[in-house]
Amino acid sequence: MSAPRKLFVKTYGCQMNVYDSERMTEALGGEGYVTTDRAEDADMILLNTCHIREKAAEKVYSELGRMRALKDANPDLKIGVAGCVAQAEGEEIMRRAPMVDLVVGPQSYHRLPAMDRAVRGGAKALDTDFPDDDKFDTLKARTKMKRAPAAFLTVQEGCDKFCAFCVVPYTRGSEVSRPADRVMREARELVDAGVAEITLLGQNVNAYHGHDAGLAGLIWDLSAIDGLKRIRFTTSHPNDMDDALIEAHGTCDKLMPYLHLPVQSGSDRILKAMNRKHTAESYLKLVDRIRAARPDIMLSSDFIVGFPGETEEDFEATLELIRKVEFGQAYSFKYSTRPGTPAAEKPQMPEDVMAERLSRLQALLTQQQRKIQDDMVGRTVGVLFEKPGRIDGQMIGKSDYLHAVYADAPADVLGQVRQVRITVAGTNSLGGELVR
Ligand code: 5AD
Ligand code: SF4
């Protein structure tokens, strides 16, 4: 038998890409590939790319530039570009980076095995279709290998919201939900392979309609799986938070008290220009309803500063909204022009204004996050232990609220949810001791 071929995958961007990278790795596993974490050893390098902001896309081209030397050293090496840059730029990638052999979009990677055979034969392969066949039906069942305790599971893809700044509706296409029975089957496979926590993924996951009772219905069905201890979901749009989902946060024990609910801005004028179809007030009311159902829920959000036309007053309104909500976690970005989106046509803000606003916004968010971390000290919280820490005898896991937590613990806590009393709070993690 010939030696297995080696696959090196590098993933950029969001959690959906992390999930897709796993599925692509499994698909190529059927072609005799095993993974390597050294690009120099690889027979195939796959970059799973992100197009959400300009910098993310540029990173891919600089990485490809660096890979030219590897290709010179190993002429049999094949290089593939997957993900949203592949979808958005297609053939342009091969023009700009001729060392690329294969370009595959997020909706067509079930065709990777055939594409691999084509490139092995010396051809170039490009597939950025939105095919009629569902990739998840064509992909084989998840492999039986033992898995880490926490896994992602994509249940919904694409977006019909068309926020004025965002490329997702163009790169990922319109909203599609996977049928609940297939999701349930995949969830059971994951749990059988040792998974204790599943995060349901979708660009608009709370618009999931693969179950008669929406995402809440799916969550309740999942919660009946023995051995599955925790359920999370991300990312949600405020307008799709329905009553059943809010209620599930109060009543479903396995649904964790953490919600990523991007608001982007606190100014109604900017929200309107962004085509968000909600106001600051309606977001705050929604937060009140969610907190009424689950008072201790940890909220997180995405923010964009310097959207075209944002005045100092608009920006202040965002700071004001942040002060009112108190976010435990947040991701904030300078607006980045994306060709083909409506906002790209508008006059852009000066870079120094965006940079200055971003640093003020992040200072406030960090302050809030730090306070919430500090308030955890003395509390006892569930922690799913995921891996050994860097210090001997220490284990690391995630709290119910998604904090990274470390504690002295025996190795057999791996994969278990244990109660931990928090004793110290750092900037990015909490330390604690096992209770019993
Ligand atoms: N510029 C800056 N940030 C963006 N995001 C999406 N598009 C852009 C853009 N053009 C941010 C939003 C979104 C997150 C995933 O990325 O905040 O919620
Ligand atoms: Fe992009 Fe808006 Fe859709 Fe989120 S809801 S993926 S920001 S278009």
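Backbone N, Cα and C atoms are what each Cβ position is placed from, and that goes for glycine too.
Predicted automatically and left uncurated, TrEMBL annotations should be read as such.
Residues or ranges marked as domain 'MTTase N-terminal' by TrEMBL: 5-121.
Following the DSSP three-state reduction, the secondary structure of C14 ([4Fe-4S] cluster 1 binding site) is coil. Residue density at C14 ([4Fe-4S] cluster 1 binding site): 19 other Cβ atoms are found within 10 A of its Cβ, drawing on all protein chains shown. TrEMBL lists C14, C50, C84 with the feature [4Fe-4S] cluster 1 binding site.
Taken from TrEMBL, the feature domain 'Radical SAM core' applies to 145-375.
In the three-state DSSP assignment, the secondary structure recorded for C159 ([4Fe-4S] cluster 2 binding site) is coil. All chains included, 23 other C-beta atoms sit within 10 angstroms of the C-beta of C159 ([4Fe-4S] cluster 2 binding site). If you look up TrEMBL, you'll see C159, C163, C166 marked as [4Fe-4S] cluster 2 binding site.
Mapped onto DSSP helix, strand and coil, the domain 'TRAM' (374-436) counts 5 helix, 35 strand, 23 coil. Marked as domain 'TRAM' by TrEMBL: 374-436.
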Binding-site residues near ligand 2 among C14, C50, C84, C163 (Cβ under 6 Å): C163
Same-chain residues at least 6 apart in sequence whose Cβ lies under 8 Å from C84 ([4Fe-4S] cluster 1 binding site): G13, N17, T49, C50, H51, I52, P106, V167, V168, T171, R172
Those residues of the chain, 6+ apart, with a Cβ under 8 Å from that of C163 ([4Fe-4S] cluster 2 binding site): Q264, M274, N275, R276
Those binding-site residues in C84, C159, C166 whose CB falls under 6 A of ligand 1, listed in sequence order: C166
Distance, C166 ([4Fe-4S] cluster 2 binding site) to C14 ([4Fe-4S] cluster 1 binding site) (CA atoms, angstrom): 14
Other CB atoms, at most 10 A from the CB of C50 ([4Fe-4S] cluster 1 binding site): 22
Residues near C166 ([4Fe-4S] cluster 2 binding site) in space but at least six apart in sequence (CB under 8 A): I52, C159, R338, T341
